[in-house]
Amino acid sequence: MSTTNEVATTAPGASRRTLGVPYLTSAAVQDPVKGVLRPPVADTDFKEKYPPDRELGHELDNTARVWKVFRDEAIAHDNALLKTWNDTVGILLTFAGLFSATVTSFVVASTSDLKPDPNAYIANLLLALGNATTASAFAHLPAPPPVVAAPTSLTRVVNGLWFTSLFLSLAAALICILVKQWLDEYTARTRSSAKNPHEWAQRRSFYFKGLEDWNVAAIISFLPLFLHLALFLFLAGLVAFLWDLDSALRWVMLVLVSLLLAFYAVSSFLPVWSSVCPYATPLLAQLRNLAYAARVGVYILRNRALTWSTVLKRRLLRVFHPPSMWEGSGSPAPASDHRIKLLLERRSRRPFER
């Protein structure tokens with residue numbers, strides 16, 4: 001049976017291996033010029049969704065297929081990215097609200113230790129009245145001595161820690177609200193209608209570059225640090241609050257807080273030495289980038305210092321020595337950028353690190 005008849009008798013949706021062309025469907029047609037089978041134009045879902053451009057040389061027109069593909073891919077990327085950021089900011093905002101309410105209840109109870117005791121005025125007045133009555137019933141009653149608030153150092157430490165913790169929590173909540181507004185504004189700017197796919201692609205690229213240039217991802221990464229610091233400050237204030245109340249509770253809380261702090265420190269710094277450690281966070285990526293930038297900056301400054309010292313040495317040599325000593329008196333060149341290149345290569349060897 002001929003190849004044409006094979007294709008014609010094939011059931012719809014079936015496929016065959018014919019003439020070395022794998023899985024040709026029944027919709028395949030025979031090229032009258034070359035006499036071989038060729039697949040239909042829309043042989044994949046991609047081509048059905050994004051039909052090829054009709055004319056060659058117009059692949060970059062305003063309505064070309066490439067801009068439609070870019071639009072859908074960019075929307076999918078933005079949806080995933082914005083969902084992650086919104087979920088993170090929402091969790092942080094909820095935790096900040098609950099934590100602020102908890103800290104506020106402790107702060108209200110602890111601020112009374114900073115103010116003078118109102119009962120002290122009554123006690124001093126009664127004491128003065130008793131002394132006056134005993135001495136003479138008609139004597140002029142002296143005014144009670146003023147009671148000056150003198151909080152202890154421990155009281156100041158407790159209130160300072162808790163007020164700082166409350167401030168950091170409220171600051172994190174405020175920044176979370178601002179970030180959600182930024183993300184909503186970005187969505188509104190990029191999802192509005194455009195004249196053609198090319199114009200939409202230009203606008204989206206412009207605003208997405210703004211997200212990268214203004215370090216929105218870094219700001220979101222540092223938001224949990226505010227709440228982490230606020231939590232540990234609150235726990236430190238709680239230990240200080242129990243320091244003079246009960247020795248048993250004091251040591252129990254101190255041990256628990258120390259264990260929690262040790263676990264936090266270990267889990268935060270383990271990914272620095274092991275790239276496959278699952279304890280990595282977005283904040284770690286920012287800290288790693290800062291560490292690499294600091295190391296590279298140190299080497300650059302050191303090399304520049306060596307260069308300046310070499311130039312100064314040569315100029316002083318020309319001033320205080322005769323010209324006969326100038327030749328061969330130059331010191332070796334300063335250290336090259338080999339160390340910097342090594343650091344950058346080491347950073348690029350692990351492309352899967354965030």
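Glycine too: its Cβ is placed from the backbone N, Cα and C atoms.
Feature annotation from TrEMBL assigns domain 'DUF6535' to 67-243.
The transmembrane segment annotation in TrEMBL covers 89-109 (among others).
The transmembrane segment feature in TrEMBL is assigned to 161-183 (among others).
As annotated by TrEMBL, transmembrane segment applies to 214-242 (among others).
Positions annotated as transmembrane segment by TrEMBL: 248-266 (among others).
With a threshold of 8 Å between CB atoms, the same-chain residues lying at least 6 positions outside the transmembrane segment (89-109) that come near it are 159, 162-163, 165-166, 169-170, 172-173, 176-177, 179-180, 183, 220, 223-224, 227, 230-231, 234, 237-238, 241. Note on the transmembrane segment (161-183): residues 82, 85-86, 89-90, 92-93, 96-97, 99-100, 103-104, 106-107, 110, 216, 219-220, 223, 226-227, 229-231, 233-234, 236-237, 240 of its chain, located 6 or more positions outside it, place their CB under 8 angstroms from a CB of the stretch. For the transmembrane segment (214-242), the list of distant contacts is 85, 88-89, 92, 95-96, 99, 102-103, 106, 110, 154, 157-162, 164-166, 168-169, 171-172, 175-176, 179, 182, 249-250, 253-254, 257, 260-261, 264, 281-283, 285-286: same-chain residues at least six beyond its ends, Cβ to Cβ under 8 Å.
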